[in-house]
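Novice: Starting off with a structure, shown below.
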Amino acid sequence: MARVVVDVMLKPEILDPQGQAVQRALPRLGFAGIADVRQGKRFELEVEGPVDDAALARIHEMAETFLANTVIEDFVVKVES
Amino acid sequence: MTARIGVVTFPGTLDDQDALRAARLAGAEPVSLWHRDKDLKQVDAVVLAGGFSYGDYLRAGAISRFSPVMETIIEQAKAGMPVLGICNGFQILTEAHLLPGAMLRNNHLHFICRDQKLRVENAETAWTSDYSAGQEIEVPLKNMDGRYVADERTLDELEAEGRVAFRYLDVNPNGSLRDIAGITNAAGNVVGLMPHPEHAVEPLIGTGKTDGLGFFTSILKKLVNA
């Protein structure tokens, strides 16, 4: 079965307090040099059948209507071999 | 004759009983609606109550928005049926694109529970006609994902059209843009807000005031006089 990954991230202009909290915790834990952290979501979809253009179009539609809220989030669809 | 006000219960809804009670105290006939049931049982208006429907999985309101009952509610709301979304209900209305913008985690990352002062900015919606514009009310606020966001153009549009229905007073409890606590659609039948009017309808509980009852008396007057 092929795996398709959908990465969902808050749009750049949207404040991400969770990412900021992670970034602020890093120096205390001894991890220096990280200027910014943005936190997102990763969906791993195990696809039945071929991952052709039609299947990818459906996944794109799924991401746009459900996995991401495009008012606040961007998404990227990637096929993993 | 009175009006039938439906309140939807999703798995994880918390405040449906309080909303039903508020509807009854205002003089309406409260009707329980079930998330898997497309039938709205001939209600005249619907309240989407607070809670954590579907555990807030994916995003608050994201899964509820696709439930069978919402199919009918979205269709009816577009045709003019009054819908009030409180807290999680507001989140569902933005996810369903019945209201613009989106709700995100509070900017301070803490769950918040407090009595909150609001200013009623628009007293002409189906749910706010018993208030006067500029009136200050105090109702409970309790949420994790209460930060209202929308792009600048949408915010300017909301302001210009008087669609910011409620604004936080004294303190912005969650980082909502322009202190927005609630908004209305252009027609004024769909209203969403983060604070909880249904918890402030009796002197014995909540804030000790009944500042929230006006939502339910407003809709009742509108429906009965219609």
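Note that Cβ sites are derived from N, Cα and C of the backbone, with glycine treated the same way.
I grabbed these lines from TrEMBL:
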- B:Cys87: active site, nucleophile (ACT_SITE)
- B:His196: active site (ACT_SITE)
- B:Glu198: active site (ACT_SITE)
Novice: How many Å lie between the Cα of B:His196 (active site) and the Cα of B:Cys87 (active site, nucleophile)?
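Specialist: Given the Cα positions, B:His196 (active site) is 7 Å from B:Cys87 (active site, nucleophile).
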Novice: Calculate the distance in Å between the alpha carbons (Cα) of the residue listed as 'active site, nucleophile' and B:Glu198 (active site), and round it to a whole number.
Specialist: 11
Novice: When you measure from the Cβ of the residue listed as 'active site, nucleophile', how many other Cβ atoms are you left with inside 10 Å?
Specialist: 31
Novice: List, in sequence order, the same-chain residues at least six positions removed whose CB sits under 8 Å from that of B:Glu198 (active site)?
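Specialist: Residues satisfying the criterion: B:Asp15, B:Asp18, B:Ala19, B:Arg21, B:Ala22, B:Val47, B:Ala49, B:Gly50, B:Ile86, B:Gly212, B:Phe215, B:Phe216.
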